[in-house]
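Colleague: As listed in Swiss-Prot for this protein:
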TRANSMEM  1-21  transmembrane segment
TRANSMEM  39-59  transmembrane segment
TRANSMEM  87-107  transmembrane segment
TRANSMEM  111-131  transmembrane segment
TRANSMEM  144-164  transmembrane segment
TRANSMEM  183-203  transmembrane segment
TRANSMEM  218-238  transmembrane segment
TRANSMEM  246-266  transmembrane segment
Amino acid sequence: MDTFQVIILALIQGLTEFLPISSSAHLILPAQLLDWQDQGLSFDVAVNTGSLLAVVMYFRKELYSMFMAWTGSIASGKQTQESKLSWWIILATIPAVIVGFTAKGFIETYLRNIEVIAATTIIFGLLLWWADRMQRQGFNEFQVGWKKALVIGLAQAMALIPGTSRSGATITAALMLGLSREAAARFSFLMSVPVSLGAAILVTKDLLSSGQAIDYQALGLGIVVSFIAAYVCIHYFLKIISKMGMTPFVIYRLVLGAVLCGFIFL
């Protein structure tokens with residue numbers, strides 16, 4: 001990959017990773033429009049690491065409080081709202097881990113194609129619109145409980161289907177369960193930490209065992225660009241949804257889905 005490709009693809013990944021619009025739907029566009037080849041494992045390591053660092057940096061205070069409360073609850077047996085939230089995040093991660101390990105080959109072989117991505121982009125966009133429209137109660141993330149956490153975790157596992165969008169699926173589920181827009185987004189972002197960490201570790205392991213030459217320039221540039229893009233994205237996304245809701249992202253998904261359908265049928 002040349003420098004231009006690294007910057008463009010890292011920007012796309014960073015900007016779309018935490019928006020409910022599907023990063024895979026966007027990463028397929030350069031391949032369709034510009035005939036770019038697969039990004040390679042070095043790039044995958046870079047964008048996973050950059051996205052992880054962005055969400056950890058943005059929520060560093062919350063994550064520190066949660067970690068300290070969680071370790072304290074193990075030692076003392078006493079639960080606080082931060083320790084409960086930590087346990088719910090762990091619980092919500094389990095379905096994606098199970099599905100990821102058992103169905104990764106099937107997903108990569110049969111579902112990573114433009115037809116599936118176009119369909120899921122549109123379908124889950126409509127589900128996001130419906131969930132946002134029906135949202136009324138406005139619970140915060142400290143009121144999730146283990147049952148809601150498990151349901152949101154199942155939605156995250158479903159998001160392994162390309163085009164679904166991890167943040168889109170989890171925010172949709174959280175809104176359906178009565179969380180406020182901001183709480184749904186925060187819970188989704190916090191859920192991304194163990195998932196992104198696991199993904200970064202697995203892709204790094206694949207890279208080291210593949211025997212591929214490591215492109216350190218692409219690796220470093222991809223981390224920096226995806227980190228900056230993801231950090232900015234998180235900050236402004238939380239501001240946008242508090243004022244405008246999910247409608248702009250729903251419209252965008254429908255337009256994007258239509259564009260992808262155009263590549264299929266035209």
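Quick reminder: no glycine exception, Cβ is built from N, Cα and C everywhere.
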Colleague: Counting Cβ pairs under 8 Å to the transmembrane segment (39-59), which of 111-131, 144-164, 218-238 comes out on top?
Modeller: 218-238
Colleague: By Cβ distance under 8 Å, which residues at least 6 away from the ends of the transmembrane segment (183-203) in the same chain are close to it?
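Modeller: Residues 17-18, 41, 44-45, 48-49, 51-52, 55-56, 58-59, 62-63, 66, 85, 89-90, 92-93, 96-97, 100, 138-141, 144, 152-153, 156, 166-167, 170-171, 174-175, 234, 237-238, 241 contact the transmembrane segment (183-203) from elsewhere in the chain.
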Colleague: Looking only at residues six or more beyond either end of the transmembrane segment (246-266), which have a C-beta under 8 A from one in the stretch?
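Modeller: Residues 19-22, 25-26, 28-29, 32, 114-115, 117-119, 121-122, 124-126, 128-129, 131-132, 168, 171, 175, 181, 240 contact the transmembrane segment (246-266) from elsewhere in the chain.
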Colleague: Below 8 angstroms Cβ to Cβ, which residues of this chain, lying six or more residues outside the transmembrane segment (111-131), approach it?
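Modeller: Cβ under 8 Å, 6 or more out: 20-22, 24-25, 28, 32, 161-165, 168-169, 171-173, 175-176, 246-247, 249-250, 253-254, 256-258, 260-261, 263-264.
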